[in-house]
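Look at Swiss-Prot and you will find Asp222 tagged as S-adenosyl-L-methionine binding site, backed by sequence analysis. For His260, the entry in Swiss-Prot reads active site, proton acceptor.
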Amino acid sequence: MASNNNICAYELIEAEAQSWDYILSYLRPSCIKCAIQLGIPDILHKNADPIMSLSDLIAALPNLNPSKTTFIPILMRVLVDFGLFNYHQQQGDGYSLTTVGRLLVENHHFGNRSFFLFAQHPVVLNTAASVGDWLKDDLRTAFETADGKSHWDYCGADPEFNGVFNDAMAGDSRLMSNLLISDCCAGVFEGLTSLVDIGGGTGAVAMAIAGAFPSLKCIVLDLPHVIADRKGSGNLEFVAGSMFDKIPHANAILLKWILHNWDDEDCVKLLKKCKESISSRENGGKVIIIDMIMEDNYNNKQLVQSQHLMDLIMRITYASKERTEKEWEKLFLEAGFSGYKIITSLGLRSLIEIYP
């Protein structure tokens, strides 16, 4: 029987199931954070056998209240549903890490654990919860609505939050640096003698590149509170300063996840600064950009959804955005670059080489 608004019973049941998925979705990151706090990914990773029984897992959990042990299989059940762990019933209720679960292992070279913990920081969650209020006020970002100042000013004023943010960027950089020096991006750094990593944070990417290419001088440029007392060695150097003021001269410049933090006007301004600081195209000059290229790739719905959510995050946090290829091309031309090449082998993000 159809209801008055022409929704059949089957459609209503399907809609209700979907709505409950949205309602309960707040528990997903909470359960994952709980697993990280308990050290479950690390315990499974360090276990001698790939499959660990439930009883052994419970015994290995530090500081677990004995009265709460019955909750662990409940927690593990939902984490299996999320795809973090495999469940092996025939091995005595055993568990093993999935590829996604391995990304939550502490200090894993391909991990994004620190980025997950940053996303669950109260300051970040407060921003997301303030979007409705922000849409009614005159402030530039929801971050300012929630926390009273811009993201960058907040980082400069709050050492704890700044540390969590830098850890997240460093974790992502470790993952990305492994891809950059792999076959995925073969040839990008070949022939270069000097490289400036703008906004390179703690230097994770530059260190990996410097290690893979000993004859390539790598300079990390970032703000003083980010560089702090970090010292370089060998072919790695740290320079404190603003990218909008002065960029050291080099063959090439690396912008990893930088431009999506800024609006079009500031991006063009920064790209012009980069163009002034690199060699000519004939001498190998280029700017290497690692950023997202928005696309409607309907063959990968999860990728598209992640890109849409990332675009939303950039808009409410920095008053910036993710960009389509046409939007990128417009920036490059306005900044005076002659051409570009895209390497689409970095999953959610792409590598773009632009030439003076």
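Note that Cβ sites are derived from N, Cα and C of the backbone, with glycine treated the same way.
Other Cβ atoms within 10 Å of the Cβ of Asp222 (S-adenosyl-L-methionine binding site) number 24 in total over all chains. Using a 10 Å radius centred on the Cβ of His260 (active site, proton acceptor) and all shown protein chains, the other Cβ atoms total 20.
In this structure, the C-alpha atom of the residue listed as 'S-adenosyl-L-methionine binding site' lies 16 angstrom from that of the residue listed as 'active site, proton acceptor'.
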